[in-house]
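Student: Supplied in structure tokens, the structure appears directly below.
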Amino acid sequence: MLFSRSGRSIFPLLPPYAAHAPNPNQGHIIALPPDGLTPYLGLRARLSQVWINRWTILLLLVLVRVLLAASGLQADMSTAKREALSACTSVESMGSSMASMPHYLSQGVNELTATGVEKAVSGLKSMLMLTITGVEELVLFIIKVLYQTYLCLFTLAVRGSVHVAVGVIKEAADFLNSTVKEVGDDIGKAVSTFESAFNKFLDGVNTVASAFGASVPTLDLNSSISTLENLQLPSSIDQGLDKLNSSLPTFDEVNNFTQTVLRTPFEEVKKLVNESLGTYTFDRSLLPVPAKEQLTFCEGSNGIDSFFDSVTDLVMKARKIFIAILIVAATLACVPMAWQEIRRWRSMKERSQLVRKEAHDPMDVVYIVSRPYTAAAGIKAASRFSNSRRQILVRWAIAYATTPAALFVLCLGVAGLLSCLCQYLLLQAVEKTVPELSTQVGAFADKVVDSLQNASAEWANDANGVIGHMSQDLNENVFGWVNTSTTALNDTLNTFVDKTTGVLNDTFGGTLLYEPLMDVFGCLIGLKVQGIQKGLTWVHDHAHIDFPLLPNDTFSRGAAASISSNSSNPSDSFLADAGDQTSNKITEVVIRVVNKVEDGIRTETIISGVIILIWVFIALIGIVRALTLFWVRDRNRGEGGGARVNHHLSDAGGFIDVPLMAVSNTNTDARSMPPPAPAPRYEASTSTVVASRAVPVSSTHHEDEKLGFAGERQYGSALKVDGAADLRGSSYVEYDMEKR
């Protein structure tokens with residue numbers, strides 16, 4: 001194709017299309033033959049570049065970023081593996097130290113246990129001595145109170161009765177003795193008088209009788225009277241009562257006997273307690289000392305290696321999946337893009353006819369042809385409005401937000417978010433494997449705790465055996481005598497009751513006082529003695545000692561509690577350092593890598609979001625600009641508005657020819673091609689269809705039309721269809737779009 005110098009000098013951006021016209025003066029564009037050369041790309045040429053469409057390139061960039069992230073994650077995991085193995089070695093050393101801790105702690109615990117036992121035995125000795133002494137004096141006091149009370153009552157009853165009886169007998173005897181003597185004296189006097197008179201009478205009788213040779217005896221009653229005068233009660237009448245009064249028991253013998261009998265077992269028990277617990281020393285050599293432990297769970301353990309190998313396999317698998325998916329997606333993106341190019345090519349060919357038709361706004365035509373999809377989107381959105389001004393503003397806002405630069409920013413942000421999504425999916429897959437490592441580390445901790453529990457249980461069993469043997473020895477050697485003493489005390493009380501009963505039986509047996517005295521004895525003493533015997537029986541049944549035994553988890557309870565699920569603070573684990581957020585140093589390494597990758601993804605997401613916000617800001621600029629002019633009414637010519645361009649009649653095809661004025665071309669080729677027409681220039685068509693002549697266009701009007709800013713061009717100069725009247729007051733062309 002030949003380009004004239006004059007054509008380029010007059011309108012250098014357009015080639016001399018009229019050079020191919022059979023009649024250069026006609027001014028119509030003649031299509032080139034299908035197999036001819038064209039300065040623009042044809043369909044095949046366009047399809048040859050489908051593989052470098054923006055979506056394929058963006059997907060490939062996403063793939064590259066994901067591959068870089070996977071490589072970085074793999075490198076970080078390699079570093080984490082080394083750190084984890086190092087941490088495992090540290091944990092192994094710490095676990096060995098903890099497992100050996102019973103060896104070191106047992107010595108102090110054994111000393112503490114032995115000292116506690118010695119202090120307990122010393123306190124037991126003091127308590128026993130005080131208790132035995134207190135019980136001894138208490139028993140003696142109670143018995144003394146009992147028999148002295150009984151003695152007082154007995155003395156009051158018996159001695160009082162005897163004293164009364166003896167007094168009565170003495171007074172009766174004295175009264176009888178004095179009365180009998182007086183009666184004898186009186187009788188003696190009377191008898192003496194009678195005897196004197198009678199003897200005188202007998203003397204007379206004897207005088208008479210002597211005459212007859214006989215005599216009468218005299219009366220002599222003096223001896224009988226003397227006997228009556230000397231009559232008195234025998235002194236032995238109250239000797240029995242005096243003997244009974246003097247023979248009342250004072251229970252001194254019972255008191256001495258009882259105290260001797262009661263104190264004997266108590267003193268024996270005190271002696272035995274002093275001999276058994278005089279200076280008690282616990283044999284510390286009997287308590288065991290566990291041996292040291294050496295734990296090995298890093299060497300020959302596939303826990304950490306298998307975890308990181310699985311993570312590496314996961315990353316490699318994810319890399320392959322992303323490569324396959326993104327490459328397939330990038331390849332498949334070529335199919336719709338090829339179809340889009342075909343449709344774009346067809347649309348360009350169809351819309352290129354607008355150049356030959358009545359085109360009042362050539363820049364709009366060029367925009368529609370060059371940006372078919374964004375222009376179609378704008379036309380679709382504008383079809384919702386009936387006002388041509390608002391239609392243009394809507395199209396302008398969409399065109400402003402869909403410029404190549406704006407779409408590049410949007411695609412870049414979307415690609416960044418897609419890359420972050422792929423990295424996030426990869427990170428989530430890695431995070432799901434962290435519990436597996438925690439399980440492996442938990443197995444390490446369980447090994448340490450199991451070793452501690454075994455050592456603690458073995459030590460506790462041996463120590464408890466020693467403590468149990470000591471408790472048995474104390475029960476036999478100390479509390480055995482307590483049992484013996486309670487039995488002896490019960491026997492002593494029985495002896496006391498029997499002895500007292502024997503004394504009462506010997507004293508009052510067969511008398512009227514025996515039964516009442518025995519009832520009083522049973523009420524005052526017998527019931528109390530029975531209560532004491534019950535208490536002694538209870539002491540006999542419960543007199544034993546049981547020292548508390550050591551629990552089996554003495555050395556392992558704290559370690560087991562630190563790794564249990566009930567622990568609220570993960571840093572309490574013995575595998576973690578102070579301030580660690582995870583339960584152990586091994587998983588801390590992996591968590592640190594995951595947090596690092598997560599921070600990187602978060603940063604990239606923020607950057608991608610900011611890029612998308614930049615596009616949103618650009619779109620908002622266009623929307624705000626359109627809204628600013630949306631409600632502004634059209635300016636009339638008198639208010640500074642432009643003049644209305646007259647519309648001309650169309651031809652039978654419905655379009656007005658736009659003549660392309662050509663300039664002469666001095667260059668000819670070997671085929672003697674006709675001189676090309678000058679560069680095309682848009683002109684307003686006349687009312688006739690055939691004639692086409694050049695109509696000068698104002699430079700100011702040309703500049704207004706070329707700017708393309710909303711509100712800066714003549715809205716009435718838009719494309720018009722069929723030359724019909726604008727029923728809606730708009731000269732905006734309808735591109736086969738139904739307005740609603």
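Backbone N, Cα and C define each Cβ position, glycine as well.
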Student: Check whether Swiss-Prot assigns Asn53 and Ala561 to the same side of the membrane.
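Tutor: According to Swiss-Prot, which assigns topological domains, Asn53 and Ala561 fall on the same side of the membrane.
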Student: How big is the gap, in Å, between the Cα of Asn505 (N-linked glycosylation site) and that of Asn490 (N-linked glycosylation site), rounded to a whole number?
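Tutor: So the Cα of Asn490 (N-linked glycosylation site) lies 22 Å away from that of Asn505 (N-linked glycosylation site).
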Student: Using Asn274 (N-linked glycosylation site) as the reference point, find which of the glycosylation sites Asn256, Asn454, Asn483, Asn490 has the shortest Cα-to-Cα distance to it.
Tutor: Asn483
Student: On the 0 to 100 scale, where does the mean pLDDT of the topological domain 'Cytoplasmic' (76-137) fall?
Tutor: 77
Student: Could you state the CA-to-CA distance between Asn483 (N-linked glycosylation site) and Asn490 (N-linked glycosylation site) to the nearest Å?
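Tutor: Pair distance, Cα basis, whole Å: 11 Å.
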Student: Looking at the glycosylation sites Asn454, Asn490, Asn552, whose Cα is closest in space to that of Asn256 (N-linked glycosylation site)?
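Tutor: Of all the candidates listed, Asn490 is nearest in space.
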Student: Looking only at Cβ atoms, how many others are within 10 Å of the one on Asn505 (N-linked glycosylation site)?
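Tutor: There are 13 such Cβ atoms around Asn505 (N-linked glycosylation site).
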Student: Find, for the listed glycosylation sites Asn256, Asn274, Asn454, Asn483, Asn490, the residue with the lowest Cβ contact count at a 10 Å cut-off, counting only other Cβ atoms.
Tutor: Asn256
Student: Distance between Asn490 (N-linked glycosylation site) and Asn454 (N-linked glycosylation site) at the Cα atoms, whole Å?
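Tutor: Approximately 50 Å lies between the Cα of Asn490 (N-linked glycosylation site) and that of Asn454 (N-linked glycosylation site).
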Student: So if I exclude everything within five residues of the ends of the transmembrane segment (398-418), which remaining residues of that chain have a CB under 8 angstroms from its CBs? That is, six or more out.
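Tutor: Result: 54-55, 58-59, 61-62, 367, 371, 374-375, 377-378, 381, 604-605, 607-612, 614-615, 618-619, 621-623, 625.
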